[in-house]
């Protein structure tokens, strides 16, 4: 006679299988046999994600350094007429200069995004999710660095913006990464699982599909 799976917390369990860590999340009981569900989080996938994030961060900071050296504050340089150009501004708020008097709030928000995205990279295994979360991490870190280290003071820094979209707003490369990643995450949340291929393993290594055990 089979029984529906019973769930209870399990401690994290490392595996020694060539660079992969498996974390025991729950225990299912099927025909009296405990099946430990382990969520695979390859170290290589995390490393790739961090490399992508660092690349995005480097691109953002390099373009800001260029803007500071090549552009004068407030002077518009047309690229596509009035539709798009380059204007160096220092933004104390968010997009559209919203919340310009509460810089510290956006510093906290940016820090929270960096922490959450970094944690997510330790859990997800789907390649598309890894790339998108890494891009979000890189963009968030780019603006966070400005908030922490740029004038007028620590955690009160103004973000360097220089991409002028008509009379709409002025942004930077980090903003492109953040907005693009947010849109991609919204799409992925409806189309894919961030941790596909999860298996249920017995102590002797026998694997079961998660759906198979859940339907028992």
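Cβ coordinates are placed from backbone N, Cα and C, and glycine is handled just like the others.
The transmembrane segment annotation in TrEMBL covers 44-67 (among others).
Note on the transmembrane segment (104-121): residues 45-46, 49-50, 53, 93-94, 130, 133-134, 136-137, 140-141, 143-144, 147-148, 155-157, 194 of its chain, located 6 or more positions outside it, place their CB under 8 angstroms from a CB of the stretch. Look at TrEMBL and you will find 104-121 (among others) tagged as transmembrane segment.
The transmembrane segment annotation in TrEMBL covers 128-149 (among others).
With a 10 A radius on its CB, residue 161 (active site) counts 24 other CB atoms from all the protein chains. Residues or ranges marked as active site by TrEMBL: 161 (among others).
Annotated transmembrane segment per TrEMBL: 169-190 (among others), in sequence order. A Cβ distance under 8 Å defines the sequence-distant neighbours of the transmembrane segment (169-190), meaning residues of its chain 6+ beyond its ends; these are 56, 59-60, 63-64, 67, 87, 89, 91, 95-97, 126, 128-129, 132-133, 135-136, 138-140, 142-143, 159-163.
As annotated by TrEMBL, active site applies to 175 (among others). A helical conformation is recorded for residue 175 (active site) in the three-state DSSP classification.
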Query raised in the report: Other than its own, how many Cβ atoms are within 10 Å of the Cβ belonging to residue 175 (active site)?
Result: 21
Report summary line: Here the Cα-Cα span from residue 175 (active site) to residue 161 (active site), rounded to a whole number of angstrom, reaches 9
**Report entry** Contact set, same chain, for the transmembrane segment (128-149): CB under 8 Å, 6 or more residues outside the stretch
**Finding:** 45, 48-57, 59-61, 64, 103, 106-107, 110-111, 113-114, 117-118, 120-121, 155-160, 172-178, 180-182, 184-185, 188, 192, 194
